[in-house]
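These features come from Swiss-Prot:
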BINDING   G49, P50, S51, G52, C53, G54, K55, T56  ATP binding site
DOMAIN    13-247  domain 'ABC transporter'
Amino acid sequence: MTSLRPTRDVCMIKIDGLTKIFGEGAEAFTALDDVSLTIQSNEFFTLLGPSGCGKTTLLRMIAGFLDPTRGQLMLDGKDLLRHPPHQRPVNTVFQSYALFPHMTVSENIAFGLQMLKRPKAEIAATVSEMLELVQMTAMADRKTAQISGGQQQRVALARALAPRPKVLLLDEPLSALDFKLRKEMQLELKRLQHETGITFVFVTHDQEEALTMSDRIAVMNAGTIRQIGGPRDIYDHPAERFVADFIGDTNFLKAQMVSSTESGALVRLASGEEILAKAPEGGAHSAGQAVTLAVRPEHARLCERTDALLIGTLDNVVYFGTDTHYHVTMEGGGTFILRRQNQPGQTQTLAINDTVGVCFAPDTAQILKD
């Protein structure tokens, strides 16, 4: 497939105040609450959030399977709400691939093109191109029941890409795959998006999928968007406690504001230690105010008690192969988790119930909005 490679500063999807309310009166439920965002051309954009957050509802409205209660939805400068699903330049790949078992791989890929009444020569050329794109040429004449789950996923993608939609919608398409195959398909999806230049809108509750594949992520909760940003920005600079808690592992520490500076905020930990932490943009805190600090497990280390910011008791040590997690019960309550990457020849010298110190660079601690 020839990629047009549109620049990312061109808006493909513009959503303004989109709301979806199911039911009426006392039984009314707001699944999507005044959502606004833009998705650029040639972007891999992910809607990430827990079950029931509204991400699939939003995807279904883009596809045309649901009508919004109110709001505006534009695609490539045109009002999408005026068009039924079959007239929208989008295709959808679902969790269940919905392949036709009585058809071959090639026939499945050709089906949508046949429904669009494309010329036979064009269909044959496009099917061949799609088979090569998803690396399934050798399986062209097999029935879909004779191929693996990962191969079925590739066929579903090829069928959706064949009509050359402007936008491809993907509704948790990897959730049925095993762990190893899911990781392989993450790389495959990103490759396909890059090679085709088509805008991908991907829905998932899996943070690893979102961080691995996305150009940008919209983190959703309770029908609203809590933060939009690149994977590194979302992970390193969560806008609020929900985002910090949902994306990766995070330790939350109670602290008290001492003063604000140009480079951050001086806070006092429960241990009495004062550190200069990162403050959220636009956040205003007064001296004496209680605040919450977020510290990622990989940013902390065990250290001598004399150098420690926090003191606690080693409660558990969990080996994960590539790294080891240390669970420390802090003086005053609460658990702090540290992550250390394992190295060849590394030995474990600590024992459960040992008193340990916890250190972290102050600039890795971030004050969160509640």
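Sequential numbering from 1, following the chain as shown.
Cβ from N, Cα, C; glycine included.
Within 10 Å of the C-beta atom of K55 (ATP binding site) sit 28 other C-beta atoms, taking all shown protein chains into account.
Report note: the ATP site is defined by G49, P50, S51, G52, C53, G54, K55, T56, and the residues of the same chain whose CB lies within 8 Å of the CB centroid of those residues, excluding them, are T57, H205, M220, N221. The binding-site residues G49, P50, G52, G54 differ in how many other CB atoms lie within 10 Å of their CB, and the one with the most is G49. Remark: S51 (ATP binding site) has H205 as non-local neighbours, by Cβ distance under 8 Å and separation of at least 6 in sequence. Less than 8 angstroms from the CB of T56 (ATP binding site) sit D171, E172, V203, each of them six or more residues away in the same chain.
Annotation for C53 (ATP binding site): same-chain Cβ neighbours under 8 Å, separated by at least 6 residues, are M220, N221, A222, G223.
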